[in-house]
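Notes follow once the structure below has been shown.
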Amino acid sequence: MSKYKLFLLRHGEGAWNKENRFCSWVDQKLSEDGLKEAKDCGRLLKEQGYKFDLVFTSLLSRSIQTAWLVLEAMGQEWVPVIKSWRLNERHYGSLIGLNRAEMAKEHGEEQVKVWRRSYNVTPPPIEESHPYFLEIYNDRRYTTCDVPKENLPRAESLKEVLDRLLPYWDSTVVPEIKQGRTVLISAHGNSCRALLKHLEGISDKDIASVTLPTGIPVLLELDENLKAVKPRQLLGDQVKIQAAIKKVEDQGKAIPST
Amino acid sequence: MAAYKLVLIRHGESCWNQENRFCGWFDADLSDTGEHEAKRGGQALKDAGYEFDICYTSVLKRAIRTLWFVLDSIDQMWLPVHRTWRLNERHYGGLTGLNKAETAAIHGEAQVKIWRRSFDIPPPCMDEGHDFYQSISKDRRYSDLTEDQLPSCESLKDTIARALPFWNEEIVPQIKEGKRVLIAAHGNSLRGIVKHLEGMSEEAIMELNLPTGIPIVYELDKNLKPLGPMQFLGDEETVKKAMEAVAAQGKAKK
């Protein structure tokens, strides 16, 4: 029996999505299309009469922007928004900034497949010589985290994403849900997938084929132990949802990361 | 040398300002002008290289959205933001929704003058029959307020009385920890903070109209006493206009 409702949202398009490049911890804002996706999502949630009590986002602007636009469309700007690095997109290490073709060229198609599809293989860490190293690690937001900056990841497998997300989920999000608060998590492709894996009990093997479309709110109904009682529901017009799924699949051939 | 710097910003024009209606706790949105003012304020902070550690705002969208525009401009969208009803605009009670002409017609010019010029006389209360009673008093965002806390009308004195505890208990400790604070709020809730910071009299604070959409900077000593008058940030023309407008407001006596 469903006791709680939880909403997940993967933010929409940023500039690099269009170029099929791994954005990861680089702090890009939403593109015009991404802004529209967020507004449409908000409109849909408003039409369906949902009322949020609390929103969680990552520290990356695109997830925060998305949350703000959703709340604005719903007239719920007053709802508290809590931000944490633990909801950040998966850290892609040295692959950050590369597009699919560049990656395949540098490392070979097979290796790229392994990094993207495996659950626990970590890409090579980002080095100081990487063009985006300073942009990420000199950013002041990473001095405000609950771990010292030098302990923040330099690369992550999907498993490692869940390893740093789960404690936050347990200590900070779960108590709110258990108090009956309707929560929206506005995050990223891989942080959403990691959480889904945990809530739906998806195997290490099966998670590779799970993709969330962008800008489509996902409703999870949870029991009193916060386990999913039924399959996740993608909300909205079915035609639109199918188009969104296809878009993500085309970008990376069923690869979820952006 | 200042121990601390504090930045305040009063939101710009709302859709109801355009219509000259008493807004108060009605959750009016920013007009296009108001959005432009917020972006311009954000740009001024960006040009001056301001960094913050924590932000405070009310639960009304015109202040929250102003803050969002600013955070977007200065690329600090990741900052923690605390929203509180205690920074809301003054509650105009039964006058909420009325425009100037309607108010004078219903209550008479003399009564309106009294309300305008009084520090502690509240307007008539918003009762259950009021057009906006349901949408304001029963709004979900106020569900945690006790009966004593939820106003049905406020004088300026009342507004300040519920804003200052938040300033003292929540904001001051953060400032003293060295956190750089940005507050995006409303004319009257900000008046509460300004009156307190500068030790202004009731007469003086009633004469002060803070400029909208312009970042207001205070440099404070370690006891949170301002080292000088408030400064405005922006291009020369905007700042000059704002300073002149404030100076021209009545004869403020401390």
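Backbone N, Cα and C define each Cβ position, glycine as well.
Worth saying up front: this structure is predicted, and the values here are computed from it rather than measured.
Listed in TrEMBL for this protein:
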BINDING   A:10-17, A:ARG62, A:89-92, A:116-117, A:189-190  substrate binding site
ACT_SITE  A:HIS11  active site, tele-phosphohistidine intermediate
ACT_SITE  A:GLU89  active site, proton donor/acceptor
SITE      A:HIS188  site 'Transition state stabilizer'
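Where TrEMBL records a feature, it is marked here on the structure.
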residue: A:ARG10; record: substrate binding site; Cβ neighbours (10 Å): 30
residue: A:HIS11; record: active site, tele-phosphohistidine intermediate; Cβ neighbours (10 Å): 32
residue: A:GLU13; record: substrate binding site; Cβ neighbours (10 Å): 23
residue: A:TRP16; record: substrate binding site; Cβ neighbours (10 Å): 18
residue: A:GLU89; record: substrate binding site; Cβ neighbours (10 Å): 26
residue: A:TYR92; record: substrate binding site; Cβ neighbours (10 Å): 26
residue: A:HIS188; record: site 'Transition state stabilizer'; Cβ neighbours (10 Å): 29
residue: A:GLY189; record: substrate binding site; Cβ neighbours (10 Å): 23
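When the alpha carbons of A:HIS188 (site 'Transition state stabilizer') and A:ARG10 (substrate binding site) are compared, the span between them is 5 angstrom. The two recorded residues, A:TYR92 (substrate binding site) and the residue listed as 'active site, tele-phosphohistidine intermediate', have Cα atoms 18 Å apart.
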